[in-house]
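Trainee: I have a structure I would like to understand better, so I am pasting it below and will then ask my questions one at a time.
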């Protein structure tokens, strides 16, 4: 099969979910009712749902079977120990706290690391800054509600949709060290390495870059947290693009990657393929004090530390999903599906970020140059795409980035992108062709698409629940 141009999906579809078709008039009414915010649409009114790949895909038969082994004991569940063993074997991390999803881990570890830095290094809360190659929205939100400013230090190629570069998710290493020196190392409670970099377009981070980042962190004794939602996709890109690792397995690359962090926080709803679940893990005894504090907070915020908001069956499913998500054939198919969509869009003149791991990112700023950033061109494009074809996508731009919590001013965004997120093992190549055709219709009417302004704006993570109207 090596000589075929396109290979079919490497799985058989056994269970299907019917979806309904709607009219243009129905969809126009629905998107207005939602406040021009696709997050607020009812899922039954969506024909193809590209909002997120978080918990929205299929699961494997081995994952589903594993649920039957679930031990629902409140404490000391054997399902917890099965999950902790998977974490040790895959990542090499000794201490595991399950959470209901990624933000459950964030709400625990962020205040603990801030407190630790304050007690041990004299951190000044009025001056503290955390760094990342690019913070995911909830990580940024949890940092900000704990009073911590966030700073993204990414390479110049990251958001340039006209440039092809193997590792657009990389840290700007000089910018990282310069920033640490500027704010003072003692005022940096943590560094977050996001793999892959979602906001940059699902772009990978190289192992070489992670190694240097970690050496900088160790120089200043700053803890590193690996934001691990798409750890397997990142490992696949390393295998494909970093020559030193071309003969390594995904498992070997993953184990090597996690040497260059002290903790991991994971939304397991992505590469671990579960509908619900997350992880917070510490590498070794040097972070046992953090583990102890996080366990205490887990009881209050998530549940007892041996279930963390998950039923026993869900922990068993996650223990298997961590392995299933690293299957090489599976990863090759998934990355190829995204590449197919990006290639098809660019063939019709729709500019995209280079294909990443989990989504096609359309450059809405270039498709809708008449709409200024403060009128959210990618959000306007999302609404038009829904009207035209019933496709739900998500804005990754100024609308998501939000305002500076200290000044209230809109934060400058490096690109206005529309993310077409592909759920795992859910849509076929025919769906990709339909999406491409939908963009032909959107492109024909692009000049008539209007910008948006707020009718309701939450102060934190506004993109989830805000309401807007056309200007």
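Each residue, glycine too, has its Cβ placed from N, Cα and C.
Taken from Swiss-Prot, the feature N6-acetyllysine covers 5, 115, 156, 450, and the record attributes it to sequence analysis. The N6-(pyridoxal phosphate)lysine annotation in Swiss-Prot covers 270.
Looking at the shown structure, what environment does each listed feature sit in?
Mentor: All chains included, 4 other C-beta atoms sit within 10 angstroms of the C-beta of residue 5 (N6-acetyllysine).
In this structure, residue 115 (N6-acetyllysine) is part of a helix by DSSP. Sequence-distant contacts of residue 115 (N6-acetyllysine), defined by Cβ-Cβ distance under 8 angstroms and a gap of at least six in the same chain, are 293.
Mapped onto three states, the DSSP output places residue 156 (N6-acetyllysine) in coil.
Taken residue by residue with DSSP, residue 270 (N6-(pyridoxal phosphate)lysine) is part of neither helix nor strand, so it is coil. Sequence-distant contacts of residue 270 (N6-(pyridoxal phosphate)lysine), defined by Cβ-Cβ distance under 8 angstroms and a gap of at least six in the same chain, are 53, 54, 229, 230, 358.
Look at residue 450 (N6-acetyllysine): DSSP puts it in coil. Taking Cβ-Cβ distances under 8 Å and a sequence separation of 6 or more, the neighbours of residue 450 (N6-acetyllysine) in its chain are 371, 380, 470, 471.
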Trainee: In whole Å, how far does the CA atom of residue 156 (N6-acetyllysine) lie from that of residue 5 (N6-acetyllysine)?
Mentor: 34
